[in-house]
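Input: a single structure, listed below in structure tokens.
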Amino acid sequence: MDLNGDAGAKRKRSSIVPAERPAKHLKPESSALTPGDSTPANGTVYDIEDEDDASRLLPIGPAQADSPEWQATIEEVVKSVVSIHFCQTCSFDTELSMSSQATGFVVDAERGYILTNRHVVCPGPFWGYCIFDNHEECDVRPVYRDPVHDFGILKFDPKAIRYMNLTELKLQPDAARVGSEIRVVGNDAGEKLSILSGVISRLDRNAPEYGEGYSDFNTNYIQAAAAASGGSSGSPVVNIDGHAIALQAGGRADGAATDYFLPLDRPLRALECIRRGEPVTRGTIQTQWILKPFDECRRLGLTPEWEATVRKAAPTETSMLVAEIILPEGPADGKLEEGDVLLQVNGELLTQFIRLDDILDSSVGQTVRLLVQRGGQDVEIECQVGDLHAITPDRFVTVAGGTFHDLSYQQSRLYAIATRGVYVCEAAGSFKLENTLSGWLIDSVDKRPTRNLDEFVEVMKTIPDRSRVVISYRHIRDLHTRGTSIVYIDRHWHPKMRLAVRNDETGLWDFSDLADALPALPPVPRKADFIQLDGVSQPAASEIVRSFVRVSCTMPLKLDGYPQAKKTGFGLVVDAEKGLVVVSRAIVPYDLCDINITVADSIIVNAKVVFLHPLQNYTIIQYDPSLVQAPVQSAKLSTEYIKQGQDTIFVGFNQNFRIVVAKTAVTDITTVSIPANASAPRYRAINLDAVTVDTGLSGQCSNGVLIGEDGVVQALWLNYLGERTPSSHKDVEYHLGFATPSLLPVVSKIQQGVMPELRILNMESYVVQMSQARIMGVSEEWIEKVTQANPSRHQLFMVRKVDCPPAGFDNMADTFQEGDILLTLDGQLITRVSELDVMYDKEFLEALIVRNGQEMRIQVPTVPTADLETDRAVVFCGAVLQKPHHAVRQQISKLHSEIYVSARSRGSPSYQYGLSPTNFITAVNGVPTPDLDRFVKEVSKIPDNTYFRLRAVTFDNVPWVVTMKKNDHYFPMSEYLKDPSQPCGWRTVSHNKSKHKDGIAPDAANLNPDAMEQGYDGASDIEPEAE
């Protein structure tokens, strides 16, 4: 299914390429860049189509000094203009979760109403604040967002502004005229205040099309040359009298000084209704109209008689309203047709959007009569006027990690489809379909239809945890193609099914629990058989098929810098009786996860993590073999190291999960360390002998084995997660072989029922050749010993980096230093990586090294690996906090605290105020917080919706202070704690027990791992494999 094309909307295509299209003027939140940081832009950019006629622009020359009249006007206007900083906390309808800046202006100083754009007020959960000209700040909440037109109204408390006299701008929509000189006063380009001048060139422009996001329609727009940019959305367009005559909405993004303003007729009506305490009625017949000039209308069949009548009644008019899109199943379906020219409504000659809106808004639930001309024939129809608010979603449901609501009128109009269906606005968790964040329509779940949100909820209530059900779906961009998938319903990491309903009284979205999760059904043993390899001449390859299982790992939270929420690959069964499987740690990076194993492409069973190797990129997992009635075979692992030039058989799995076989030879065995990821430290293999082979299949296959003719496995073929490239922001993945003898000691202990408690040297090394070693002070005697001990590779190991000790501990004197050349450990000459294995069982090792040209003996401590794995995570204000994991200690020289920011959610306070991943938190409100316990204690004292100070240190050792506002409503604090007594191995705890008395962490959009970023270059671009 191709989901990367343009929106399939029924509208004319612009000849302008997307890069040249205009855009809305949101200013992506800079996230208060930390010293030494380069936090990415995180707003949403909207491209819009353009229908400019260059001959109609009235560009202005270089800015001249304003006249005294304009200066006096601006001095008064700026007192009413505010800078709005806001977030949409979760994806909803046309918008993704985001943080951004825009502009608004006070339109009622007594009641505290601010007018701004609808794309600022947001269709979904909103939180934000505004800053006045004198830098006073106050919270704002939404009062009204129009279902169609690009305006909304925010409310603030006038009593909160104590140091300036509030003033308001009068709305005067009838003062907008072609040739009028105007000023756009706002937060242009994210600046506190910018004043841009321009001249109105058009009053009859059709509403700009903003691509696949929100777009205004059924209104005319005003066009001017003002050159506004990001952050000016919602700015007042004022005339010399100081009256607001339009609302800044969008403009060209290609550098042309062209801007688009919304007329204020409908905002003025909405404001007056709100002032009177009346509902803002909005009527619709689910039809999009556009303005077309008389010459086009004549081609559509407008008769000369009607043209003469219209021109006589409205001499200044040059265009008429023409039906562009009629939604199926809407009031006008089967009555109006595309291309109908509107003549009259209720007997009144009508050529303008404003009057059409007037009639429809005052006729909700009533019938209107429309006279249109179709191909030269008069056609009169009657339509029932529907309620526009009724087809605009004001609620959503979160379940199994995904977020859903009824399909909106905005999306229906964009794609010309009926306004019904269940829309996936946040495709995550169980409902992450085909690596697309949103846009799915769910047709059925578990073979039951889901025509609307209520039906979907009722179906989901009946599905037990850990069930696998069939869902049928389509993407809104490609409704011709129906997809069918089997999804794994996760109700243990996401136990609550929660309903959020918009509350226009409070400006918040109220959450309620719909149903608890049904417990998982007990697993049932299944039978299966393995495939037979046709045409494969190597019997050993045919046998090894029975030792492979497919492994799928899903992470409910991003930890340890791992960039994905789901990964799939293959593992090798090393003990079929005990259900032990070895898999790459690039597939199972940590144990806060769900693991599903597929045996013989038929049987699916759950598995758990048994062992994570800290250095060599493998994880051992275990499934219940009693559930698998299939001839699974334990792979035989070689006890001898594979050698360069040795013949071998490569057996791997390609990108289609199909097994491939090739007879080949070992080209090289090289000591490597996977490159570190600069933007966000994450697990990587180091001090590793990597096997490469002479076949092109090795690069295509991420998992497999190298086996001999006797069927003995000589090496595992694993994928290794590497660095992210600065240019493409894509993660590099290496495919290398790992010799099995290094695996045997760990597997043997686990088979004996003993959990390996390895110890490691806290350093990373790399190979030095004898020419380098000689220059660095290694004696000829030792060089001779090296050549005799390892005839195939004359090498020693130099310390590249020493791991940072825990916070509060200084580097110990008797340990390695960068640049040390290692000669022996406990008297054994070290020329191979495998010889470093002596470190695993000893607390101290006696090392002979060459440092600064001098031989010396030191006693070096080893580090217990049990302390390196993450066992706790705190989610606070959208930031995932954890103890610095091993990769952090490998890449940093000093730990500033035990509180490391691992990730943050879009639309959260952490995102808004710039608490970036890879930062360390050292204090809260001046109180030192060296560890998570102290941090949780201090932040628990902070009341909701209150500012507090965090002292932080960047990864590059630059201290700074961030001020944040706590938001417990959308981002309550919760914890993930490792607990072997729990079925998942972890438990969740909420610190917001006043609202969640059961103590279980709430299922909230801020815990969606796909909405989290982990480094200053954003989220991963590696696409997870399709199931």
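Glycine residues also receive a Cβ, built from the backbone N, Cα and C atoms like all the rest.
Now, the feature entries from Swiss-Prot:
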- H119: active site, charge relay system (ACT_SITE)
- D150: active site, charge relay system (ACT_SITE)
- S232: active site, charge relay system (ACT_SITE)
- 31-42: compositional bias 'Polar residues' (COMPBIAS)
- 288-373: domain 'PDZ 1' (DOMAIN)
- 875-956: domain 'PDZ 2' (DOMAIN)
- 1-46: region 'Disordered' (REGION)
- 81-265: region 'Serine protease' (REGION)
- 991-1027: region 'Disordered' (REGION)
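Swiss-Prot feature annotations superimposed on the structure.
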| residue | record | CB count, 10 Å |
| --- | --- | --- |
| H119 | active site, charge relay system | 30 |
| D150 | active site, charge relay system | 32 |
| S232 | active site, charge relay system | 32 |
Secondary structure content, the domain 'PDZ 2' (875-956) (per DSSP, counts of residues): 19 helix, 26 strand, 37 coil
Average pLDDT across the domain 'PDZ 1' (288-373), rounded to a whole number: 94
Cα-Cα distance linking H119 (active site, charge relay system) and S232 (active site, charge relay system), given in Å to the nearest integer: 12
